[in-house]
């Protein structure tokens, strides 16, 4: 059963969110749809016969008249004005209308037809958006912290004054550059790894210390925090980097670290020098004062002795002691030469060639004692030292091995080398008598210490070797077992540490 | 009485001059000489009860190979109270290092510290203490 037209109209307009009205050409309400209460707070009867201009926001009246009302009367179509309308509760709400001119088919009279909806909510959120955008823009531009907006591909979309100034550029010069163009290569990998994690959504922001390249070419330190900006679907669209200038602090920090390193090195070299001075004191006491006191005793005895035979014996002893003194003195002079490193010129020296040279010098001795040499070094293995020092060290080691060879077997001497960290090590081993290190370990490099009864070593050779190695910034180690032989490890610093 | 003197020192020239100085001081009798402290120690161990062979005074060098003067002192300490007579021990060294003299001063059974060269005066001085 069909409803009468008026009822259908009633039903449709009451559920619609559109306020439908019919106006005289001057705007006077003739019809207001029954849902008017829910949209603008008035019952239809309250409006009929009134003019909408009385309800428009004063600022919008002129706009409506000129942009909507008049064009409509001229016959223009598709006019959708947005305006503020006074709700019955006293506040203005935003309405948007579709307005049309309509002509009565019988009378030919013109009417205005409006269909309006409340868009206050949308207007508000748009306004908020615009406001927050404006806030962000201001914040971005005026922030004292450097700010950079880069695309997901790493190209710079926007930078602020603070950042441009930090790197010595004008802001426009930086736009469009790829961020890697202004970053030092040092932290690039770390930076990219983080960006990758951000892009994959594993993290949302990260902070690192990195170096940028200033327009003038030097590097400047910055502490940066990078935040990802995502769209509604969660897709990363921008990276926002906040950059704090920490160049001064980093430079001070580096300077402090360097100073600290220098102090440590100085302290070490002082400790070594102190130990060497103590050893020197020992040499003076035992190697110089002892023979000198012998000389004194012999001379005193010579004064009171009348017997010719005794005088000759004393003279022989005097000669012996004098010779001994001369030897000790020349050894001491060698040590002193080692200590004054001003003329020390280390270079990369072939271990093999140097050893072979020393081997040639000792050939007679080696043949006489039937010494077997095993060289496990190639010509390319180098050590950073002066040639004479390395020769002296090899001579000392060889004479040590000869002196402490086990008479019951053929002497074998082995030489090899290896590198580890900032050191190159020469390993020199023999199958001699060896030393009981658990008993003599702390004394082996001391003066006038010999460990085998049948030998008369003065113990100066190993002392000199340790002294030399320490003066060069290196060190020496010994490994040995009685009856099996000994291995000496000479650790040489590679390069600058030698001068520390 | 003629004191029995023992010298422990690896320096042959020192041994020679010291024996001469002792002889020139008019002290007769045998002087016990050891070049090696370990040999000296085993001598004292085996002759611990032999009053006529044990010395009255030992001049002990500090700086020697194998066993030095300090190690000898440490090794002989337990024997000292077992000996039938008191033995005076003097350290003799060319070292003028304060560390050595201070260390010696802390050992109660060391009677003194003699700087080389060894002389007649130093000998007589230490023997004078022996007789008192």
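Glycine is treated like the rest: Cβ placed from N, Cα and C.
The annotation coiled coil is assigned in TrEMBL to A:304-331. The domain 'PAS' annotation in TrEMBL covers A:24-76, A:132-177. Per TrEMBL, domain 'PAC' is recorded for A:206-258. Under the heading domain 'Histidine kinase', TrEMBL lists A:283-496.
Look at the domain 'PAS' (A:24-76): DSSP puts its residues at 28 helix, 5 strand, 20 coil.
Residues of the domain 'PAS' (A:132-177) grouped by DSSP class, helix first, strand second and coil last, total 21 helix, 11 strand, 14 coil.
On the 0 to 100 pLDDT scale, the domain 'PAS' (A:132-177) averages 90 in the predicted structure.
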